[in-house]
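One structure below.
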Amino acid sequence: MGAEDSARALRRWGLAAIALTALCFLANALLGPLNQDEGWYLLAARHVMAGDFPHRDFFFTQGPVMPFAYALLGWLWSPFGVLGGRLLTAALGFAAIAVAGGAVASCLRREDERRTARLALWVFLGLSLWFTYFTCIPKAYALCALGLAVALRLIGAQGGAAAWRLAGAGLLLALLAGTRLSMGILLPVVGLWLLARRDWAGRLAWLWFGVGGAVGLAVVFGPWLLLWPGSFLEAQAFHAARAPMGALGVLGCLARAVRFNPILTVACVLTAWLALTGKPSLRIPPRDRAPLPRLWLLCAVALAAVHLLAPVPYDDYLVPALLPLAMVAAEAFARLPFDSLRAAFAKALVPAALALAVCGSPLAEAWVSNGQDRLWPRLKAEPDLLLLRRAAAEARAAADRLGTDVLWTQDAYLAVEAGLDVPRGLEMGPFSKPQPLDPAAAPLAAWSGYTYALRFPDLTPAPDRAERLAALRAAYGRDLAVFPDFGQGHTTLTLAERTSP
């Protein structure tokens, strides 16, 4: 295969990978299972749009950046409910992959290597249903991925204005810490790397980065620590109070990450094997190439470590580490020798990744099935999002009839979709602090299998759930609608009207 044919093949498959990535994001937005977190994140943004502040006016367990960012863009997503939030988040996730591809390409000299690196990154991340799902639903991951990609691009950019770029990178990483607190580990990791690599980054690179980071931390956390320290610190103690799962939880998290990302796993194993067995092009980057892949690897390791050390490492906790890890693998893949072999492999990479992503991912099964009942799959009658919209329409109609804009529920995505508020204290959905039931605050209620299920703050099964549900049932005794297989966990949702004051 000649150089021109190789370039044409890389361009063609690169465009195919980008189109398929967009398709994966869209499929996850329309068909992906509901997640309780997307409800309280979007509800927090709506409260900020109304003039409330997290930690001052309502309990919130993360930093304030995401509610303010989504509130700023509320005109774009809010009229469309949860789907609007998903499409906005998917756009951020898509942009993160594109920017990260530019950061990887900037480390390579030859155009065919740059195209190969971009193709590999789109395949590793864009064709992973796991990555595209968690950077599509309104959680903090897409915003963090985009901020991290831009920060790494600024650090690796060539040319002038180095001080401005480094300060901007520090500011961005501080904003990420205010988006998801665990992302704060990147500030010391990157700062120490810049200090150690003064020969490449510049004598004062670490200082400019530190100035940007300090300004960002002061802006993000200063007002809350000065004005409302008790509420802010209580929210952070919430994370530490969870009942730990131990080594088994860590192994389970790692195993599921490998199972959900087969292509990236194989690429990382091959990269490590080639580096350890002495392949010069992978073991030691040439002197005229930036040492950035080592920084990316440090970021991936730091993010993975801090999330695996959490008391409960949930399945999605390794998502933040995936982007810098994929950048390392893509850069290494692009530097493989034998141009024709690399181009031929690139031809097979997209269809192979698509087959593994769609046919091998349990997320594809979750699009159409609610699991299995003994021998029989429990196929969905409709996607989770459509069922949510149907339930929200019932809730909205009942609220209009009763003349209220408040719905008592711990399924926050139902309130978001219906355009209703929740009583004070329920802004965090099932993770809210215990509140006394006040039927006077809302003439309408909706409860599911998540309602009163979690004890605050350790999130173990609540021992008093039956009694609290009985009190709720007594206060709201007039059933309006019942929706089986609703929401996360596919439990039964009951919509009811107040019968007692």
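In case you wondered, yes, glycine gets a Cβ from its N, Cα and C as well.
Only residues 6 or more beyond the boundaries of the transmembrane segment (83-105), in the same chain, are considered here, and those with a CB under 8 A from a CB of the stretch are 21-22, 25-26, 28-30, 32, 38, 41-42, 45, 70, 73, 76-77, 114, 117-118, 121-122, 125-126, 131-132, 135-139, 141-143, 145-146, 148-150, 152-153, 156, 292, 323, 326-327, 330-331, 334, 385, 416. Look at TrEMBL and you will find 83-105 (among others) tagged as transmembrane segment.
Positions annotated as transmembrane segment by TrEMBL: 117-134 (among others).
Taken from TrEMBL, the feature transmembrane segment applies to 140-164 (among others).
Feature annotation from TrEMBL assigns transmembrane segment to 171-194 (among others).
Outside the transmembrane segment (206-228), and at least 6 residues removed from its termini, the chain residues within Cβ reach (under 8 Å) are 55-56, 63-65, 155, 162-163, 166-175, 177-178, 187, 190-192, 194-195, 198. Per TrEMBL, transmembrane segment is recorded for 206-228 (among others).
If one looks beyond the transmembrane segment (240-257) by at least 6 residues along the same chain, the residues whose Cβ comes under 8 Å of a Cβ in the stretch are 130, 308, 310-315, 317-318, 322, 457-460. The transmembrane segment annotation in TrEMBL covers 240-257 (among others).
Among the features that TrEMBL reports, transmembrane segment is placed at 263-282 (among others).
Look at TrEMBL and you will find 294-311 (among others) tagged as transmembrane segment. Long-range contacts of the transmembrane segment (294-311) within the same chain: residues 148, 152, 155, 182-183, 185-186, 189-190, 193, 239-240, 242-245, 250, 253-254, 317-318, 320-322, 324-325, 327-328, 331, each at least 6 residues beyond the stretch ends and with a Cβ under 8 Å from a Cβ of the stretch.
Residues of the same chain lying 6 or more positions beyond the ends of the transmembrane segment (317-336) and with a Cβ under 8 Å from any Cβ of it are 96-97, 100-101, 103-104, 107-108, 113-114, 116-118, 120-121, 124-125, 128, 130-131, 134-135, 141, 144-145, 148-149, 152, 180, 182-183, 253-254, 257, 261, 264, 267-268, 271, 274-275, 281-282, 293, 296-297, 299-301, 303-304, 307-308, 310, 342. Taken from TrEMBL, the feature transmembrane segment covers 317-336 (among others).
Summarising the annotation, TrEMBL assigns transmembrane segment to 348-368 (among others).
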Within the same chain, the residues 6 or more beyond the ends of the transmembrane segment (140-164) and with Cβ under 8 Å of it are 41, 62, 65-66, 69, 89-90, 92-93, 95-97, 99-100, 102-103, 106-107, 134, 172-173, 175-176, 179-180, 183, 186, 190, 194, 201-202, 204-205, 208-209, 290, 292, 295-296, 299, 316, 319-320, 323-324, 327
Under 8 Å Cβ-Cβ from the transmembrane segment (117-134), and at least six residues away from its ends along the same chain, one finds 10, 13-14, 17-18, 20-21, 24-25, 27-28, 32, 90, 93-94, 97, 100-102, 104-105, 108, 141, 257, 260-261, 263-264, 267, 316, 319, 322-323, 326-327, 329-331, 333-334, 346, 349-350, 353-354, 357-358, 361, 363-364
